[in-house]
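Features as listed in Swiss-Prot:
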type    : residues : note
DOMAIN  : 168-259  : domain 'CS'
MOD_RES : Thr108   : phosphothreonine
MOD_RES : Ser136   : phosphoserine
MOD_RES : Ser139   : phosphoserine
MOD_RES : Lys240   : N6-acetyllysine
MOD_RES : Ser260   : phosphoserine
MOD_RES : Ser261   : phosphoserine
MOD_RES : Ser275   : phosphoserine
MOD_RES : Ser278   : phosphoserine
MOD_RES : Ser286   : phosphoserine
MOD_RES : Ser299   : phosphoserine
MOD_RES : Ser327   : phosphoserine
REGION  : 65-108   : region 'Disordered'
REGION  : 126-171  : region 'Disordered'
REGION  : 174-332  : region 'Interaction with EML4'
Amino acid sequence: MGGEQEEDRFDGMLLAMAQQHEGGVQELVNTFFSFLRRKTDFFVGGEEGMAEKLITQTFNHHNQLAQKARREKRARQETERREKAERAARLAKEAKSETSGPQIKELTDEEAERLQLEIDQKKDAENQEAQLKNGSLGSPGKQEAEEEEEEDDEKDKGKLKPNLGNGADLPSYRWTQTLSELDLAVPFCVNFRLKGKDVVVDIQRRHLRVGLKGQPAIVDGELYNEVKVEESSWLIEDGKVVTVHLEKINKMEWWSRLVSSDPEINTKKINPENSKLSDLDSETRSMVEKMMYDQRQKSMGLPTSDEQKKQEILKKFMDQHPEMDFSKARFN
């Protein structure tokens, strides 16, 4: 059998042929065998039974590959389903604990590490600020940076700070997100165990509705952006909490709100580290890692990766032209 690299050599031509057969695969296969019968000696050129044997061997080979691929796909889907269920259960548990009033919460290792990182970043930012005050007060560059920061802060004034899951904790529900998906937990204060017939969950490409039957919906509005309806799902946890899993179509953006009626979160304060980098493709992962690096640099008042490149280019230009005076030059 041909190697995997050779398998797709004729895909374009065969695909064009397949598109011309309205009868589907059966008609395509019939055309192929008709070609062998009319234009070659496939059926009569060898020993009796050889053609049939070759067909059977080829069929068995590709059937085994197809069955193996299907088993692997089912295993992946089962793993993803289990991970989603565990994530939904964890989200539901957190939402349920929040509705039961304030209490002491034991941090997981991951949360403790994240909290320590935030503390370290805050200390670094304070140290950097102290150094800037001691060394470069009144410089035009610093004044412009401060004005720009004040302007950005003004635009984000009134926006919510993201929760640990890069979403929002609202009075009636809680949502978290990664670049590719979003999870929602809606707790219901009822004195009975919820069943599917008791709730209304309507997931559309750009609209979401969640609530109890016969009562005003808890969530009912236009989504921030489009979702894949066929890959989204919902379930009931502990008989009290409805959890909804949404697959984003655009996997390269952070949502600032779940539905249009929600208050916005400040997406500049999102921590990309809360998203699983291992789940992203190499291109997306490198982009997210760049975002993480730039975010750390900004928090410490240091130049981002793009700004560093510009500074390097400028430095090379200045080194190549020592005769030019750049002391009064201003750069954006």
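The backbone N, Cα and C atoms fix where each Cβ goes, glycine too.
Between the C-alpha atoms of Ser286 (phosphoserine) and Ser260 (phosphoserine), the distance comes to 31 Å. The separation of Lys240 (N6-acetyllysine) from Ser261 (phosphoserine), Cα to Cα, is 24 Å.
Counting residues per DSSP class in helix, strand and coil order gives 6 helix, 44 strand, 42 coil for the domain 'CS' (168-259). The separation of Lys240 (N6-acetyllysine) from Ser260 (phosphoserine), Cα to Cα, is 25 Å. There are 12 other CB atoms within 10 A of the CB of Ser286 (phosphoserine), with all protein chains counted. Ser260 (phosphoserine): 11 other CB atoms within 10 A of its CB, across all protein chains. Across the domain 'CS' (168-259), the model assigns an average pLDDT of 93. Under the three-state DSSP scheme, Ser286 (phosphoserine) falls in the helix class. The DSSP secondary structure for Ser260 (phosphoserine) is coil. Ranking the modified residues Lys240, Ser261 by other CB atoms within 10 A of the CB puts Ser261 at the bottom.
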